[in-house]
């Protein structure tokens, strides 16, 4: 436990001292995690039957690069609040936020291989859910110690919500197992109910018009 705590203290010290390290950490980790799937991700993504709101494949590299830069610099700002001259309460909040950030990065780097290499869409969806949840928690603690750091996480959270919804759509269409089968049945039933409701509303409107005539 002491060793883990010491490692955390060393990391936060370096994140505060070296902005390039703070910015480079998510970028390098994201690059390395994508290596196993880099040659096939575009082809696989384009093969999906995607919803109309899905972005084209070329959007992802610049989007993730920008977001990694943003959360990396945010971690630097928060790490600055872990120094000995900072009030203990603020320092503890900053360290908690950075601990959650570490968990978030681990989930982030695990997501692409699960989604595009292992094709474990259910596991990828669970990871995306954890990723979004930890990002929200991280943002909460960041806002407690540095407003700019908190604001820098908001585009990341928005993108994660979007990516999670897209992952859910892929899982419902291509996922294996009882949960995916149940989700497909529920989606089909919901669409059928929506069509029936729309048809009933249309019939009601026409009936009212005929009655007025």
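Quick reminder: no glycine exception, Cβ is built from N, Cα and C everywhere.
TrEMBL lists transmembrane segment at one of the ranges 74-92, 93-111, namely 93-111.
The transmembrane segment (20-41) makes no contact with the transmembrane segment (149-168): fewer than 3 of their CB pairs lie within 8 A, with pairs spaced 6 or more apart in sequence.
Spatially, the transmembrane segment (149-168) is not adjacent to the transmembrane segment (93-111); fewer than three Cβ-Cβ distances between them are under 8 Å for residues at least 6 apart in sequence. Under 8 Å from some Cβ of the transmembrane segment (93-111) lie the Cβ atoms of residues 8, 11-12, 15, 25-26, 29-30, 32-33, 71, 75, 78-79, 81-82, 86, 124, 127-128, 130-131, 134-135, 137-138, 140-142, 144-145, all in the same chain and six or more residues away from its ends.
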